[in-house]
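Inspection log for the structure reproduced underneath, given as structure tokens.
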């Protein structure tokens, strides 16, 4: 079987000559908790403080989490796995996602750096602010960010924790197949739901990857 990666080392390969850019491309897996945890707490505080009936809170939370899973799938499949034309396009793809497939165990590049995630989160906030009722925005957005946080920290755990059984082991196996056998399938990281819906899951009885 063709090898789908260059190295399984946990060390980081250098991507930039600039020390500043290089440092911005790497992040400890706990950083998103400190960046987005306060925003999530504030969002839920605003949700519970607004004029909506309390019964709407679960709707906001479930909607935000659900939309996150779809966003995760779409971005992974159509943005991160899209290679723009030309050498510059190949370089951009490598910087944003290709490096993770070439070096899937690199501990410094398993969660999204704030230099990328903050602009994305800001864009999503203003999008939802523009299309959702004002009373609904903060609870929905806090749940959406919670979904992102579960995805990001979960992605690190998938690559570096050895789950023995249960749903986490199945999720890990799904993602390992994406990395080590069929990178053109299995785009859902925190859930295989959308792979099943859009027929991008793994066919037949794939063997569990031994690269745990």
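Keep in mind that glycine also has a Cβ here, set from the backbone N, Cα and C atoms.
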Which range, 137-158, 159-180, 181-202, does TrEMBL list as transmembrane segment?
137-158
Give the range, chosen from 8-26, 27-45, that TrEMBL lists as transmembrane segment.
27-45
Please give the sequence-distant neighbours of the transmembrane segment (27-45): residues at least 6 beyond its ends with Cβ less than 8 Å from one of its Cβ atoms.
107-114, 117-118, 121, 138-139, 141-143, 145-146, 148-149, 152-153, 156
